[in-house]
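Colleague: Here it is, the structure in full.
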Amino acid sequence: MIKPTKHKDDSAEVYVVSLKSKSEKPNLDGDRLNIFLLILLYIIQGFPIGVSTALPLILQSKETITYEDQAAFSIALWPYSIKLLWAPIIDALYINSIGRRKSWLLPLQILMGVTFIYMANNMDDWLPEVGKPNLKMIVRMIFAVNFLSATQDIAVDGWSLSVLKKKNVSYASMCPSIGVPIGMFIGSVCFTLLVSEHFSVKYLGAIIGAGGVITMKSFFNIWAIIILLLTLFIGLFKKEKYTKEDGHEKISVFQNYKLLWEILKLPRIKVLALALLTIKIGFTATETVTNLKLVDAGVPKDDIMIINSVMYVIKFFFPMFICKYITSSTPMSYHLKMTPVRLIWGIVFAVLVYYTPSLIYKKEEFVTIPYYYYIILGLVSTISEMLSLFLMLTLLAFFCKISDPHFGGTYMTLYNTFYFLGWLIPNTFVLKLIDILTLNECSNDAQNTCYTKDLKSQCQANGGSCEIYVDGYYISMFICTTLGFIWYFSFRNILKKYQLVDLYHWMVHGKQLSNEEVNEPCIISSQ
């Protein structure tokens, strides 16, 4: 039976390291296996996120999914943005004989593996080659695995600070930055391409009708076996003992909720929360809908995923080239300088989407796309990805700058929650908005608006087809970009000033900090 621990726990673990240990240089002897294990756990965590980004493209290619359906699917990613609600409970409850983190890690990953096996056995029925997908079941199952993955993230983030030696704790931030993108790459790019018959025929010379390199059922089953085998290894061979480190301070689950409430009552936090909840509104249409519109225009989803694979290479190496901006004393200034550029580049992407149908050639089921189009699309996508990464990394650096080092994990999780809610809420809203603003009419009956399924069926029965005459995507792009510039001019001066405010003004119990406290390393969460 799980019971509350007698120790004082909380989701934010603070290590006050002695001067002696601070002088020790990191040495991976004895920790290499632990780091490798953490990377594997973060790969498992990234896989459901990757699948969640791949399925919208696969669904869109079926041509039976509306943008309202896509809005419903976007809810499946919400667990990552609201995990702060149950994070303190995960830290406070565990079974001593099993271990603080293993008490949650083992059942969570077993459930994740079983869920993928269940999905493998039913996905062909939920996502048939012909006919409308069972969107309700797909959303429920993806939401379930994302909930398990987000909760696993809480346990792994906490374990990463205790499984490593004190002098190697700084490597804890490296593990998610490596593992999560790999998991996302496997779950999105590899998943989409390996199960695609179009990819096998076009790039691997397979025979039409032979299917993809691997079936969706086999892909999910293999991943489930990997998760269960790793869980078995951890359960049998990885021991976790509670040892109270010198200077290791914790607070109870109740105290942590109270701390969050006290933080939220700070005047600057209220303004910052409003800024973060609206910070992505200007980019939502570009980041969420553009690839879907490209699929609608005739660009194969497999080709988009191949281009996305290049984006993962950028994610690995681009941070090295912008290190001086991330480590700057004024990272928010750089973020704000590039915000208008990112907004304008979204317009460039929309223009490319608009001209895409005229740049590619369709003849019945065959689509011919010139090579120069892929070069243009790759260039526009690369610049868009670099701008997006720059904005995210400078914002995370700003979070580190204004986080109380005594409760850094709590502050960072709170800021990240606001930030990702600021992406998910407008994401769902914009998808619904596009569906509402898109106007259709029957090709042989101008009075038929094709607004309902019955009207669409009536149009087809009379030999017509429903065609778009007002595309809600471009109206939504205009609205989002306008709101983005309003956000920029509203919060620009406020956020510039916030990065210059003394750190103790961001603390619940404000006090002057020593240089050593201010310069404590910031461990950035992968989510």
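Glycine is no exception: its Cβ is also placed from the backbone N, Cα and C atoms.
Pulled these features from TrEMBL for this protein:
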| type | residues | note |
| --- | --- | --- |
| TRANSMEM | 35-59 | transmembrane segment |
| TRANSMEM | 71-95 | transmembrane segment |
| TRANSMEM | 104-121 | transmembrane segment |
| TRANSMEM | 141-159 | transmembrane segment |
| TRANSMEM | 171-195 | transmembrane segment |
| TRANSMEM | 207-234 | transmembrane segment |
| TRANSMEM | 271-292 | transmembrane segment |
| TRANSMEM | 304-322 | transmembrane segment |
| TRANSMEM | 343-360 | transmembrane segment |
| TRANSMEM | 372-399 | transmembrane segment |
| TRANSMEM | 411-431 | transmembrane segment |
| TRANSMEM | 472-491 | transmembrane segment |
Colleague: Please indicate, using numbers and ranges, the residues of the same chain that are 6 or more beyond the transmembrane segment (104-121) and have a C-beta under 8 Å from a C-beta there.
Modeller: 41, 44, 48, 90, 94, 98, 141, 144-145, 148-149, 151-152, 154-156, 159, 216-221, 223-225, 227-228, 230-231, 234-235
Colleague: Near the transmembrane segment (304-322), which same-chain residues lie under 8 Å Cβ to Cβ, leaving out any that are not at least 6 residues past its ends?
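Modeller: Same-chain contacts beyond the ends: 54, 57, 181, 184-185, 188-189, 192-193, 291, 294-295, 374, 377-378, 381-382, 385-386, 389-390, 393-394.
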Colleague: Short question: most Cβ pairs under 8 Å with the transmembrane segment (271-292), which of 171-195, 372-399, 411-431?
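Modeller: Top-ranked stretch among 171-195, 372-399, 411-431: 411-431.
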Colleague: With Cβ-Cβ distances below 8 Å as the criterion, list the same-chain residues six or more beyond the ends of the transmembrane segment (472-491) that contact it, or say none.
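Modeller: Apart from its flanks, the transmembrane segment (472-491) reaches 67, 275, 278-279, 281-286, 289, 293, 336, 339-340, 343, 346-347, 350, 353-354, 426, 430, 433-439.
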Colleague: What stretch in 141-159, 171-195, 372-399 has the biggest tally of Cβ pairs under 8 Å against the transmembrane segment (35-59)?
Modeller: 171-195
Colleague: So which residues does the transmembrane segment (343-360) touch in its own chain, when a touch means Cβ under 8 Å and the partner is 6 or more beyond its ends?
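Modeller: Non-local partners: 282-283, 285-286, 290, 293-294, 297-299, 367-370, 373, 376-377, 380, 383-384, 387, 473-474, 477, 480-481, 484-485, 488.
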Colleague: When you scan the chain for residues with a C-beta under 8 Å from the transmembrane segment (71-95), skipping those not six or more beyond its ends, what do you find?
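Modeller: 1-5, 9-11, 49, 52, 55-56, 59, 101, 103-104, 135, 138-139, 142-143, 146-147, 149-151, 153-155, 158, 252-253, 256-257, 260, 288, 413-414, 417, 420-421, 423-424, 427-429, 431-432, 435, 527.
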